[in-house]
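Lifted from Swiss-Prot, the feature list:
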type     : residues                           : note
ACT_SITE : 247                                : active site
BINDING  : 13, 15, 99, 247                    : Zn(2+) 1 binding site
BINDING  : 15, 16, 17, 41, 136, 219, 251, 263 : substrate binding site
BINDING  : 99, 136, 174                       : Zn(2+) 2 binding site
MOD_RES  : 99                                 : N6-carboxylysine
């Protein structure tokens, strides 16, 4: 049996939710990942260091006995975030980044920034304190085609932003286009990007294969095959600017399977197995460890993990559903076979 032992990975973009939903999904991430950058888009959002401390405590309290996991907290950037809050975040040691959502761009983003140019004083404070800015890189202008929103964001907002704040550490999260890859490659080392398993494995055809498939719908939306190929090449290139971030986003089945369903793919259950399949498809399994375990902590200036996980070449069937409050949770590629399996973690 072929086996692959890796330094224990981290997830640099994760949605854990709260309450009973948190308790349902946290064990899946903790089984594979030592740490995760936890998204702040709760209701209400995590806007202050005090909010982040409370949420962190709830995450740790929900962790099952015998599992270890370190939540790395983030603040939700709003039009009203203050430079003083940025200083408090740096002093806290447990807040590791600030997240930018354009208002209305994705789940629970109603409190997001209405005009990114209004946040320059915050970006200046973040540059001064050396706190990374995490970007949901899409415009929300309804006149812009949904498949072009990332490209237009880069052209309209991101290029000017990094020009104004050249020392600001920036992560362009869940990149989906060749334009995003090109942008990251042509910027300084303080600019990085996360890539999800779904964007490495699927093009937008997956959403419409034989009908509408809501469990492949996420934001930013899956793109053309040429973009998937560009992402796969970037992820497997050995370039440290690209690292793992699942954007695993749990929604109950009835929230996805309806006339106006939520955006988000749930991959925390089997994330490393999905990434292994993607890297194997590019004959690049030797590049998986650095992508999953080294480049993220290096970017965040944190130590690499010392423990390991082992994946084996073993076929198993992804469950149709996993327990979750309400109507259950459908994982990405539910009911299908996958060819890698975590043996310990």
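From the backbone N, Cα and C atoms, a Cβ is placed for every residue, glycine too.
Everything Swiss-Prot records as a feature, shown here on the structure.
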residue: 13; record: Zn(2+) 1 binding site; CB count, 10 Å: 26
residue: 15; record: Zn(2+) 1 binding site; CB count, 10 Å: 25
residue: 17; record: substrate binding site; CB count, 10 Å: 23
residue: 41; record: substrate binding site; CB count, 10 Å: 22
residue: 99; record: Zn(2+) 1 binding site; CB count, 10 Å: 25
residue: 136; record: substrate binding site; CB count, 10 Å: 25
residue: 174; record: Zn(2+) 2 binding site; CB count, 10 Å: 26
residue: 219; record: substrate binding site; CB count, 10 Å: 21
residue: 247; record: active site; CB count, 10 Å: 27
residue: 263; record: substrate binding site; CB count, 10 Å: 16
Distance [Cα-Cα, Å, rounded] between residue 136 (substrate binding site) and residue 99 (Zn(2+) 1 binding site): 8
Residue 247 (active site) and residue 15 (Zn(2+) 1 binding site), distance between Cα atoms, whole Å: 7
Other CB atoms within 10 A, centred on residue 16 (substrate binding site): 26
Spatial neighbours of residue 219 (substrate binding site) among the binding-site residues 13, 99, 174 [C-alpha, 10 Å]: 174
Cα-to-Cα gap, residue 99 (Zn(2+) 1 binding site) vs residue 174 (Zn(2+) 2 binding site), nearest whole Å: 13
Cβ atoms near residue 251 (substrate binding site) (within 10 Å, other residues, all chains): 25
Residue 17 (substrate binding site) to residue 174 (Zn(2+) 2 binding site) - Cα separation in whole Å: 18
Those binding-site residues, out of 13, 41, 263, that come within 10 angstroms of the residue listed as 'active site' at the Cα: 13
Coarse DSSP state, helix versus strand versus coil, of residue 251 (substrate binding site): coil
Rounded Cα-Cα span from residue 174 (Zn(2+) 2 binding site) to residue 263 (substrate binding site), Å: 13
Spatially closest candidate among 13, 16, 41, 251, the listed binding-site residues, to residue 174 (Zn(2+) 2 binding site) (Cα to Cα): 13
